[in-house]
Structure formats: C-alpha cells, structure tokens
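Colleague: Have a look at this one before I ask anything.
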Amino acid sequence: MAEFEIPDFYVPFPLECNPHLEEASRAMWEWIDANGLAPTERARDRMRRTGADLSGAYVWPRADLDTLTIGLKWIALTFRIDDQIDEDDTAERLPARMTAIDELRGTLHGLPVSGRSPTARALGALWQETALGRPATWCDAFIGHFEAFLQTYTTEAGLNAHGAGLRLDDYLDRRMYSVGMPWLWDLDELRLPIFLPGSVRTCGPMNKLRRAGALHIALVNDVFSVERETLVGYQHNAVTIIREAQGCSLQEAVDQVAVLVEAQLHTVLQARQELLEELDRQALPSRAREAAVDYAANVAANLSGQLVWHSSVERYAVDDLQSAADPRATPTTSSLGI
C-alpha cells in the first residue's frame, strides 16, 4: 500500500484525561478475564494494543472511578465485538452475522442468551448493571444509540453481499453510529448531577453537536485505520470510498477527508453556541443548564482526546497481521461465535 502523510489535525479544545485511569484499567482487565473476552493470547494482545482503557479515559475524563470503570467495560466489550466482526469474520456470512447481532440486541431487552456466546452474556449482565436505577428515558436513548451501532455491522455486510457501491453521504449517515460515540456520550450522563432533560437531549443543537463530534472522531479514525482496514479487506472507510469514487491517490483522498474533519470542527463550534441559545430559550433550572453545558464541553474535549489516543496506541498498526496470517498462529475464538 502506498505511503501517506497523516494531516496535522487542529483541535482547539483542551485535552482532558481521567485521573482514575490506572485503577479503572485494572478493574477492566479483571472483568475481561472473568467474562472470557480475551480467551487467546492473540485476542489479549489485540486488546492491549487497542488501549481501550486509554480511549475511555479520554471519553469520560470527568467521571468518578465507578463511572469510569463501567465505561471501560463497555468500551472493551465493543472493541472485542468490532474485532470479531470486522477482522475475524472474513467470510462475511450475512445470515450468521444477522443472527449474532440480533442476539446482542436482544440482550438489551432481557432476552435469553445462548450458552456459547460469552460476549452476549457479558453484554446482558453489563446492561443490567448499567441500567439499574436509571431513568427510563435515558435507558431508551442509550438502547436506541447502541442498537444503531450494532445495526451498522449488518448493514455493511448486506451492502458487501449485494456488491453495492458505497456513497459517501450514505456512509457518513451510518458512520455517526458505527464509531460508537452517541452511546458513549449517553454514558457520560451518569456522572452529571442530573440526567439531561429530554428537551435538551433531543433538541436540534444537541443533535447537531452529537453528529458533528461523532463524525469528527470517525473521520480521524478513518485516516489512522485506512492501511490496516485495506489489508484486511474492509472497505467502509471514507478515505477508501473517496479514492475509489474519484480515482485519486491515497494522499489526495486523505487530504479530502482532512477537509471534512475541519468542517465537522466548525460545526461543533457552531452547535455549542446554538445550544447555549437554546438553553436560554428553554429557561431551564440552573442545575439542568449546568449539566447540559458540562456535557457539551465534554463532547468537545473528546475531539482532542481521541486524536491523542489514535496517535498513541497500536490498534491500527499492521505488523501483527502477518503473524495472524501464519497457519501456525493461535486463532482468535470465533468467526461470529461472539
């Protein structure tokens, strides 16, 4: 694959990292081991190289230890799901993928889990722990965003199975959810003094902020991950879509994605200002307003944090792919045993 230069992404927001990272990381690994989520050395090494704990410390920099620990469990679990589907399921058997995703979705609604699925069992138990005592409106918002995240795996497999060409606009609509940020930011509400009022959680400026922030992080991810994803045959990447649609060089496609990243940054700035105006219009009690402003500031800080995370970890390095292709290598556990 041709070499390319990663753009110098500019993000004006302060970098925040959770001071409880070390202690929460230990708890995360204990939970991974207890639930059998890294059953082989290869799977364990992949989790180490991912730095799920560091990513979570940047997602929830203001959370207390207990909230951060819950968050790290979620982020580790979903990185494991992502690896099992995007890299281990090379055959992309659509019916099997649909069955696996349906089982994961069912756990969020209390449906029984098959005995052979450690990931689904862990998801069901983690959701029960997370949802306990939470408002129904928050639970509904989280489930909606998490199901949208899971659905992207089935949608992508369906597009591949039918040989459908990938359009950038359609991809971006999906990418907002496949990157996972909307439900990750739902979890950020757990550390606020009060949950966001429904009128704030679903208002236009908040939706605009959430989408632009998610796409900023997603498009940065596409640049950092394009080499690895190309090598494993994964085509759902903005760089790849632009390159194939325009017949341009890899560097030209990367530079075009950088322009899209900058546009999302401007939208984040605009949406934060519009949110302040919307909060004035709603005339909320001071605690609700403060919670909304705090939540929005955390979304902005995530742009800086996730950029640093991408630059710091080996999740998107490619040196492990050659050893994984060796027939003597230890397999990861499933091709959709999830």
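Here, residue 1 is simply the first one shown, and the rest follow in order.
Every residue gets a Cβ built from N, Cα and C, even glycine.
What Swiss-Prot shows for this protein is this:
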BINDING   D82, E87  Mg(2+) 1 binding site
MOTIF     82-87  motif 'DDXXXE motif'
BINDING   E87  Mg(2+) 2 binding site
SITE      F149  site 'Important for the cation stabilization at C-11'
BINDING   R175, R228  substrate binding site
BINDING   N221, S225, E229  Mg(2+) 3 binding site
MOTIF     221-229  motif 'NXXXSXXXE motif'
Colleague: Using other CB atoms within 10 angstroms as the count, which residue among the binding-site residues N221, S225 scores least?
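Modeller: S225, out of the binding-site residues N221, S225, has the fewest neighbouring Cβ atoms within 10 Å.
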Colleague: At the Cα level, what's the spacing in Å between E229 (Mg(2+) 3 binding site) and F149 (site 'Important for the cation stabilization at C-11'), rounded?
Modeller: 19
Colleague: Which residue counts does DSSP give the motif 'NXXXSXXXE motif' (221-229) for helix, strand and coil?
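Modeller: Per-class counts: 9 helix, 0 strand, 0 coil.
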Colleague: When you average the Cβ positions of N221, S225, E229 for the Mg(2+) 3 site, which other residues in that chain have a Cβ within 8 Å of that mean position?
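Modeller: Along the chain, the qualifying residues are D222, V223, F224, V226, R228, Y234, N237, Y316.
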Colleague: Could you state the whole-number distance in Å separating the C-alpha atoms of D82 (Mg(2+) 1 binding site) and F149 (site 'Important for the cation stabilization at C-11')?
Modeller: 10
Colleague: On the 0 to 100 pLDDT scale, where does the motif 'NXXXSXXXE motif' (221-229) sit on average?
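Modeller: The answer is 98, the mean pLDDT of the model over that range.
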Colleague: Please report how many Å separate the Cα atom of S225 (Mg(2+) 3 binding site) from that of R175 (substrate binding site), as a whole number.
Modeller: 14
Colleague: Non-local Cβ contacts of R175 (substrate binding site) (under 8 Å, 6 or more apart, same chain)?
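Modeller: Looking at Cβ-Cβ distances below 8 Å from R175 (substrate binding site), excluding near sequence neighbours, one finds A214, L215, A218, L219, D222, H236, A238.
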Colleague: How many Å separate the Cα atoms of F149 (site 'Important for the cation stabilization at C-11') and R228 (substrate binding site)?
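Modeller: One finds 21 Å between the Cα atoms of these residues.
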Colleague: Judged by the number of other CB atoms within 10 angstroms, which among D82, E229 is the least packed of the binding-site residues?
Modeller: D82
Colleague: Quick one: among the recorded positions F149, R228, which has the most Cβ atoms sitting within 10 Å of its own Cβ?
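Modeller: Per the Cβ count, the most surrounded site is F149.
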Colleague: According to DSSP, folded down to helix, strand and coil, what is D82 (Mg(2+) 1 binding site)?
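Modeller: In the DSSP reduction, D82 (Mg(2+) 1 binding site) maps to helix.
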